[in-house]
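This report concerns only the one structure given below.
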Amino acid sequence: MTGRRPTRPRLFSRGSFLESSRVADILRAETTGGLLLIAAATVAIVWANTPWSASYADLRDLRVGPQAWHLDLTLGAWAADGLLAIFFFVAGLELKREFVAGDLRDPRRAALPVVAAMGGMAVPALVYVLWNLGGDGALQGWAIPTATDIAFAVAILAVISTHLPTGLRTFLLTLAVVDDLLAITIIALFYTDELHLGYLAAAAVPLLVFALLVQRRIHRGWLLIPLAATAWVLVHESGVHATVAGVLLGFAVPVLRSDGQEGPGLAEHLEHLVRPLSAGLAVPVFAFFAAGVTVGGFDGLVDALSDPVALGVVTGLVVGKTVGIAGSTWLLATFTRADLDDQLSWVDVVGLAMLAGIGFTVSLLIGELAFGSGTPRDDHVKVGVLVGSLAATALATGVLRMRNRAYRRLVEIEEQDADADGVPDVYQRDADEG
């Protein structure tokens with residue numbers, strides 16, 4: 001009796017119907033948030049380059065908050081430290097769900113986004129460093145071009161009407177999730193100027209109480225929100241960037257249901273509650289306060305782009321991300337003898353890698369941490385992030401639009417449900433073959 005010939009592993013496979021549906025729901029929410037982000041950033045850039053630019057700077061630098069608690073922060077700092085903690089809380093929920101019940105639970109499926117994210121971090125950082133070996137503190141910004149802005153990316157997909165097939169959409173989201181984990185690790189390890197261990201130890205108390213409550217499936221807002229706020233204040237006072245508190249709180253929330261049944265757990269429940277606040281308010285407001293840079297016309301743009309810091313950011317996002325993600329994916333396929341999923345080509349991988357070069361929100365945050373908000377070098381970083389993200393958008397649009405007809409056919413196949421049982425036929429065939 002002849003044994004069945006083993007099949008070669010497939011990259012960018014579509015996964016289960018439940019996981020694909022969850023990814024589609026998340027990307028729809030991120031699309032709305034991304035459009036708001038783009039609108040907020042556009043308003044900020046236009047305002048900062050009008051005769052009324054001083055009023056924009058005055059608003060960004062307006063201080064509010066109790067001075068006795070060291071929380072008399074500017075509105076820009078509140079957006080970066082406070083509102084982005086909400087964004088990273090959602091990222092923490094996503095990360096834990098992916099590792100416990102999602103694609104990252106399976107080492108074989110996790111290998112691709114993890115390797116691609118690491119390549120997409122290492123190569124842009126290397127490109128930036130090569131531009132800035134001259135010293136004078138510029139190397140502090142090495143991590144700026146390592147981030148991917150998923151909300152911005154999927155908003156661009158919506159604007160250009162590209163129908164990405166499920167495998168590519170899932171990869172893009174999972175890549176962004178791993179990217180967020182790497183970004184918050186970098187922020188915690190490399191952008192902590194001073195550390196106050198007493199405050200850090202004190203922060204463990206509300207974090208532990210929060211964890212105990214959610215592990216017991218107690219999720220009353222009047223209990224959890226004050227604990228989360230207390231943890232945020234203490235982490236902020238410790239010297240660690242306060243957004244780290246958001247990730248730690250997200251990690252504390254259980255993913256699986258306490259009754260052992262399938263279905264959404266507390267992490268997914270909180271994600272549905274908080275994501276609209278993150279995508280619809282936190283990230284756009286941060287973008288509004290972070291993106292406004294006075295360019296100074298064409299001469300100012302040329303001056304900013306003559307700075308190796310800006311050049312390192314632009315080439316890191318445009319070239320580094322593409323080479324890092326596509327190159328590491330090719331190496332993984334070569335060493336594991338894997339094939340791309342049917343009807344996909346390496347052009348698709350390159351287009352997606354270009355799209356990942358849109359590094360907006362976290363790149364701007366790291367730029368502020370590296371060089372200080374409002375400094376001349378931070379302004380050059382903003383110009384670099386904007387130019388690099390726009391260039392990555394243009395290149396990705398050209399490649400992905402070229403493949404849009406093929407994508408549309410794939411999406412039509414993935415949506416066919418001949419037996420009208422609510423599950424597209426292609427997923428049932430995949431399950432039978434698996």
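Just so you know, glycine gets a Cβ as well, placed from its N, Cα and C.
Worth saying up front: this structure is predicted, and the values here are computed from it rather than measured.
The annotation transmembrane segment is assigned in Swiss-Prot to 34-54 (among others) on the grounds of sequence analysis.
Non-local neighbours of the transmembrane segment (73-93) in the same chain are 59-65, 177, 180-181, 184, 228, 232, 236, 241-251, 253, 267-268, 270-271, 274-275, 277-278, 281-283, 285-286, 288-290, 361, 365, 368, 373-374; each lies 6+ residues outside the stretch with a CB under 8 Å from one of its CB atoms. According to Swiss-Prot, the feature transmembrane segment maps to 73-93 (among others), an assignment based on sequence analysis.
The annotation transmembrane segment is assigned in Swiss-Prot to 111-131 (among others) on the grounds of sequence analysis. Counting residues 6+ beyond its ends, the transmembrane segment (111-131) has Cβ neighbours under 8 Å at 11-12, 103-104, 139, 141-146, 148, 171, 174-175, 177-179, 182, 308-309, 311-313, 315-317, 319-321, 323-325, 327-329, 331-332, 336, 353, 356 in the same chain.
Annotation comment: Swiss-Prot describes 141-161 (among others) as transmembrane segment, evidence class sequence analysis.
Note on the transmembrane segment (171-191): residues 12, 23, 26-27, 88, 91, 94-95, 98, 102-104, 112-114, 116-118, 120-121, 143, 146-148, 150, 153-154, 164, 240-241, 243-244, 247, 325, 352, 355-356, 362, 365-366, 369-370 of its chain, located 6 or more positions outside it, place their CB under 8 angstroms from a CB of the stretch. The feature transmembrane segment is assigned by Swiss-Prot to 171-191 (among others).
Per Swiss-Prot, transmembrane segment is recorded for 194-214 (among others).
Marked as transmembrane segment by Swiss-Prot on the basis of sequence analysis: 233-253 (among others).
Using a Cβ-Cβ cut-off under 8 Å and counting only residues 6 or more beyond its ends in the same chain, the transmembrane segment (278-298) has close neighbours at 29-30, 32-34, 36-37, 39-41, 43-45, 47-49, 53, 56-57, 60, 75-76, 79-80, 83-84, 86-87, 89-90, 151, 304, 360-361, 364-365, 368, 379, 382-383, 386. Taken from Swiss-Prot, the feature transmembrane segment applies to 278-298 (among others).
Residues of the same chain lying 6 or more positions beyond the ends of the transmembrane segment (313-333) and with a Cβ under 8 Å from any Cβ of it are 11, 111-112, 115-128, 131, 141, 144-146, 148, 175, 305, 339-340, 346, 349-350, 352-354, 356-359, 363, 367, 381, 384-385, 387-389, 391-392, 395. Residues or ranges marked as transmembrane segment in Swiss-Prot: 313-333 (among others).
Per Swiss-Prot, the feature transmembrane segment maps to 346-366 (among others); the stated evidence is sequence analysis.
If you look at the transmembrane segment (380-400), the same-chain residues 6 or more away from its ends with a CB under 8 A from one of its CBs are 45, 141, 144-145, 149, 152, 156-157, 160, 162, 164, 290-291, 293, 295, 301, 304-305, 307, 309-318, 321-322, 347-348, 350-352, 354-360, 363-364, 367, 370-371, 407. According to Swiss-Prot, the feature transmembrane segment maps to 380-400 (among others), an assignment based on sequence analysis.
Note on the transmembrane segment (233-253): residues 69-71, 81-82, 84-96, 184, 187-188, 191-197, 199-200, 202-203, 206-207, 210-211, 214-215, 266-267, 270, 365, 369 of its chain, located 6 or more positions outside it, place their CB under 8 angstroms from a CB of the stretch.
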